Amino acid sequence: MGRGDIELQTNKVYGHDVVADVEGPSTAHQISTDSWFQVGFILTTGINSAYVLGYSGTVMVPLGWTGGVVGLVLATIISLYANALIAHLHEYGGQRHIRYRDLAGYIYGKKAYSLTWALQYINLFMINTGYIILAGSALKATYVLFRDDGLLKLPYCIAIAGLVCAMFAICIPHLSALGIWLGFSTIFSLIYIVISFFLSLKDGLHSPPRDYTLPGDGFSKVFTIIGASANLVFAFNTGMLPEIQATIRQPVVKNMMNALYFQFTAGVLPLYLVAFTGYWAYGSSTSVYLLNSVNGPVWVKAAANITAFLQSVIALHIFASPMYEFLDTKYGIKGSALNVKNMSFRIGVRGGYLAFNTFVSAFLPFLGDFMSLTGAISTFPLTFILANHMYLKAKEEKLTSSQKLWHWFNIGFFSIMSILATIAALRLIAVDSKTYHVFADV
């Protein structure tokens, strides 16, 4: 069976009765076709998506200079470590585990397979909800630059964004097919990152001293800080590393580590640049969507918003791809992407999935809250708790006592953080729901 084959032999993915010489479960999508550099760009696209325009307001404002800077650096380091653990388990037991749920099922059994898939689905659904909110916010910000008449409200913009995302999903059959779109994504990211940086820098140099006081008081401040900790881990993690690693060429572990090193070195620099500069320029008044805070020529701000919208469409496709792969494989969608059956399936199924995603985005368009909730209930468990425990179980006989203790410490610490951050995020959503209303024009 050669490299790039998309029809692999089917086998049982849970339990330890999988024979060592089986390559992996069946999939309708391509695997083992991409260089580590392309995979590194996919990962970097996730980090420097339009979400980067929100970290000044959702991370730096509630944490301040000390907490924000230290938190982002620590989150970078621990995220690289946790992702490296998962990457090294990709060929555990002599088999490629091309899905997160396959790996969990192989190590723990059938129940863990189902639980992991549920967690991952929730994680990716909420990330995509955030992307649609971001794309809608960018559209509304563009409209307001030219006509501030209140006619085009945020829910309408979110609906338009969802439609464009669905059209893109129908045209791009699988993750490896992104190809040149990753280049466009990089260009789009550079445009809004450069513009937001220089406009923030200009505003900061010509503004009076800013107020960097942490918002809230008492319990309110505590909940806000805990919620921001979930935003920290949300910023650097995909929750779908095995699915991305599945596209990489052999040797898969070495190449994946190269991609991760690229992501967590060169890839994080633009995020730092925008987050720190935005907070420096506007202090505690920084908007959740940074481009709503900056001042500058209309055409420059329009260019930043339009590219943020377009990049969100591409980035959403990356995070929706595990769901697409599951559905395409389940219903035998393979062969030409232009086949009438395949095209009709994508229109109906992907269009329906994104229609529901769009409805949720418009119903509760609170971007910062969704970032906190995603980090709390899915990023912490998937990337930190599960990764440490899977590695501990898989390598138990090879680990020293101190190494085992280290992994158990991580499991305990991140479990507590996940519980606290979930409570904080749900509280934030409840407060915002009372302050505004459903389908709010925020």
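Every residue number used here counts from 1 along the chain in the order it is shown.
In case you wondered, yes, glycine gets a Cβ from its N, Cα and C as well.
As annotated by TrEMBL, domain 'Amino acid transporter transmembrane' applies to 33-425.
Here the transmembrane segment (63-86) has Cβ contacts under 8 Å with residues 55, 100, 103, 212, 214, 225, 228-229, 232-233, 235-237, 241-242, 257, 260-261, 264, 268, 271-272, 275-276, 279, 383-384, 387-388, 390-391 of the same chain, all six or more residues outside its ends. The annotation transmembrane segment is assigned in TrEMBL to 63-86 (among others).
If you look up TrEMBL, you'll see 121-146 (among others) marked as transmembrane segment. The list of residues near the transmembrane segment (121-146) in space but at least 6 beyond its ends in sequence, with Cβ under 8 angstroms from a Cβ of it, reads 49-51, 53-54, 152-155, 157-162, 164-165, 239-240, 289, 291-292, 298, 301-302, 305-306, 308-309, 312-313, 315-316, 319-320, 322-323, 354, 357-358, 360-362, 365-367, 370-371, 373-374, 377-379, 382.
Residues annotated as transmembrane segment in TrEMBL: 152-172 (among others). Counting only same-chain residues 6+ beyond the ends of the transmembrane segment (152-172), those with a CB under 8 A from a CB of the stretch are 131-133, 135-137, 139-140, 143, 178, 181, 309, 312-314, 316-317, 320, 324, 343, 346-347, 350-351, 354-355, 357-358, 361-362, 365, 439-442.
Residues or ranges marked as transmembrane segment by TrEMBL: 179-199 (among others). Same-chain residues lying 6+ beyond the ends of the transmembrane segment (179-199) with a Cβ under 8 Å from its Cβ atoms: 38, 41-42, 44-45, 48-50, 52-53, 172, 270, 273-274, 277-278, 290-291, 294-296, 300-301, 303-305, 307-308, 310-311, 314-315.
Residues or ranges marked as transmembrane segment by TrEMBL: 219-239 (among others). Proximity of distant same-chain residues to the transmembrane segment (219-239), defined by a Cβ-Cβ separation under 8 Å and at least 6 residues beyond the stretch ends, is recorded for 43, 46-47, 51, 55, 58-59, 62-63, 67, 71-72, 74-76, 78-79, 82-83, 100, 120, 123-124, 127, 264, 268, 271, 318-319, 368, 371-376, 378-380, 382-384, 417, 420-421, 423-425, 427-428.
If one looks beyond the transmembrane segment (260-282) by at least 6 residues along the same chain, the residues whose Cβ comes under 8 Å of a Cβ in the stretch are 36-37, 40, 43-44, 47-48, 52-53, 55-57, 59-61, 65, 68-69, 72, 76, 79-80, 83-84, 87, 189-190, 193, 196-197, 200-201, 203-204, 207, 210, 212, 235-236, 290, 293-294. Residues or ranges marked as transmembrane segment in TrEMBL: 260-282 (among others).
According to TrEMBL, the transmembrane segment annotation covers 302-327 (among others).
Among the features that TrEMBL reports, transmembrane segment is placed at 347-364 (among others).
Within the same chain, residues 51, 54, 58, 78-79, 82-83, 85-86, 100, 104, 116, 119-120, 122-123, 126-127, 129-130, 133, 227-234, 237, 239, 364, 410-411, 414-415, 417-418, 421-422, 424-426, 428-429 sit at least 6 positions outside the transmembrane segment (370-387) and bring their C-beta atoms closer than 8 Å to a C-beta of that stretch. The transmembrane segment annotation in TrEMBL covers 370-387 (among others).
According to TrEMBL, the feature transmembrane segment maps to 408-430 (among others).
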